[in-house]
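Written below as structure tokens is the structure these notes are about.
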Amino acid sequence: MERLVELAKNPDRVVVLTGAGISAESGIPTFRGKDGLWNRYNPTELATFEAFERDPLLVWQWYLWRMHLIANASPNPGHYALARMERLYPSFLLVTQNVDGLHREAGSKNIVELHGNIFEGKCRYCGKHYSEREFAELFPFADKSFLRSVTEQELKERVFPELRRNLPVCKRCGELVGPGVVWFGEELPPAALESALRASSAAELFFSVGTSAVVQPAASLPLVAKRSGAILVEVNPEETPLSARCDFVFRESAASFLPRFVEALSSR
């Protein structure tokens with residue numbers, strides 16, 4: 001790590017890409033979790049516009065279950081280390097594939113959420129976007145404070161039965177609103193992708209943290225940075241397709257590595 005810390009003192013332009021690995025350390029399952037209620041459903045069949053059109057009630061039950069898990073989770077030391085790291089560089093961008101909002105909660109400011117945010121809303125019919133605050137007003141069941149106030153059992157027994165007559169309706173077009181995330185088969189928000197690509201191509205130092213490096217187009221970002229001359233660092237307990245292309249590889253969790261790295265960097 002000492003060599004990386006030495007090299008990391010000089011760059012002005014830094015990009016960090018995070019994936020599900022950093023959120024898993026906060027106790028958030030990537031999709032299924034351990035709840036037998038959802039084990040018989042394929043996430044790739046629920047997280048689609050077709051599923052939403054066919055059975056919006058089922059889709060929203062699944063998303064509220066996930067939102068309940070996330071609302072009751074907390075950022076871990078890896079999230080907080082990245083928020084601190086942001087303050088050490090003139091130009092810093094955090095690009096995340098996660099939809100849980102934990103980076104925001106930890107204090108990160110310069111964030112691109114490639115796949116959206118689960119606590120926001122999006123109308124697939126007219127395109128209207130609802131911020132977290134706006135969506136909580138439109139759909140109180142999605143409010144973090146409410147989700148933290150009920151148990152998982154209460155969610156299933158009290159909230160789910162009430163959902164049918166309380167699904168969120170778009171203020172602009174009157175159609176049902178879905179979660180503000182990118183579903184399978186949907187394109188990433190152009191502005192978010194453009195920001196991530198632009199920063200990656202200009203980066204002098206690029207970290208890939210807790211990501212499998214297989215989901216496109218996010219998986220191409222470290223390669224864009226590498227081709228532009230960036231130092232490429234991978235932090236992941238497991239080997240990935242990116243590993244062989246990296247200048248530094250740390251087989252550790254984000255929660256273990258990042259606080260030590262940022263502490264060492266801050267003390268130089």
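A Cβ is built for glycine as well, from the same backbone N, Cα and C atoms used for every other residue.
Feature list (source: TrEMBL):
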- 1-268: domain 'Deacetylase sirtuin-type' (DOMAIN)
- 19-38, 97-100, 210-212, 236-238, Ala254: NAD(+) binding site (BINDING)
- Tyr63, Arg66: substrate binding site (BINDING)
- His115: active site, proton acceptor (ACT_SITE)
- Cys123, Cys126, Cys170, Cys173: Zn(2+) binding site (BINDING)
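A map of TrEMBL features onto the structure.
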| residue | record | Cβ contacts under 8 Å, 6 or more apart |
| --- | --- | --- |
| Gly19 | NAD(+) binding site | Thr96, Gln97, Asn98, Val209, Gly210, Thr211, Ser212, Val215, Ala218 |
| Gly27 | NAD(+) binding site | Leu69, Ala73 |
| Tyr63 | substrate binding site | Ile118, Pro179 |
| His115 | active site, proton acceptor | Thr96, Gln97, Asn98, Val99, Val181, Val182, Leu188 |
| Cys123 | Zn(2+) binding site | His129, Tyr130, Cys170, Arg172, Cys173, Glu175, Leu176, Val177, Gly178 |
| Pro237 | NAD(+) binding site | Gly21, Arg251, Glu252, Ser253 |
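Cβ atoms within 8 Å of the centroid of the Cβ atoms of Cys123, Cys126, Cys170, Cys173 (the Zn(2+) site) belong to the same-chain residues Arg124, Tyr125, Gly127, Lys128, Lys171, Arg172, Gly174, Glu175, Val177, site residues excluded.
Under 8 Å, Cβ to Cβ, and six or more positions away along its own chain, Arg66 (substrate binding site) finds Ile118. Each of the binding-site residues Ser23, Gln97 was scored by the number of other CB atoms within 10 A of its CB, and the lowest score belongs to Gln97.
Rounded to a whole value, the Cα-Cα separation of Cys126 (Zn(2+) binding site) and Ser23 (NAD(+) binding site) is 31 Å. Cβ neighbour counts within 10 Å, taken over all protein chains shown, single out Cys170 as the most crowded of the binding-site residues Cys126, Cys170, Cys173.
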